[in-house]
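Visitor: Following this message is one structure expressed as structure tokens.
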Amino acid sequence: MIKNILALAAVTITFIACESKTQKLPIIGERDVVEKVVDGKTVVDTVYAAIPEFEFLNQDSTLISDKDFDNKIYVANFFFTHCPSICPTMQRNVLKAYQKYKGNAGVAFLSHSIDFKYDQPHILKSYATKLGVDNDQWQFVTGSKSAIYGISDKYLVFTKEDENVPGGYDHSGYLVLIDHNKYIRGVYDGTSEEETEKLMKDMDILLAEYK
């Protein structure tokens, strides 16, 4: 009887271990179903929306692009340095993930400022330093209004210049997890500690896909 129980437990543990190794995150966002011909046969394929090419100026006054995030998973969000509402909490939560994965060449962080007027590179540099960011693993970027606000839609993040809200800018506080193919693999409430913990667990799952 005991042998049977131990055998069952071993099978269960093996199953759980295998299941955890094969666990994958969904791809989130728009998708199209297309037909194509392969070896003379018509097959149906799904094409997922990816983050498009971009180029922004970072806190070191260096141009960075989507190519700097090739072969990495990264967490993206949108903020502004003098935000009086959700940004301080959101960025502190991103900092937790940054500290956990600091030094991991396969992980990066990308914060886009939506205040294209004030948040110039030297302002972003001061902000990053005060936050405790001391390497290029976490990029803080600025760009034109059309470029920043345009790409926020691709990350499924709402952004708006609005003089009627505190700080003059309105935005959602999502943290968006991106994979090697520039697909969205998770969206999390950046103001929630619980959601931030889920983000970090999902980052581990996503990293395991590339081992």
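The backbone N, Cα and C atoms fix where each Cβ goes, glycine too.
Caution: TrEMBL annotation is automatic and unverified by curators.
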Visitor: Name the one residue among HIS171, HIS180 that TrEMBL lists for the same Cu cation site as CYS83, CYS87.
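Guide: Candidate listed by TrEMBL for the same site: HIS171.
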Visitor: List the same-chain residues at least 6 positions away in sequence whose Cβ sits under 8 Å from the Cβ of HIS171 (Cu cation binding site), in sequence order, or say none.
Guide: PHE78, PHE79, ILE114, SER152, VAL157, PHE158, THR159, LYS160
Visitor: For the disulfide-bonded residues CYS83, CYS87, work out the Cβ neighbour count at 10 Å and name the residue with the minimum.
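Guide: Output over disulfide-bonded residues CYS83, CYS87: least Cβ neighbours within 10 Å is CYS83.
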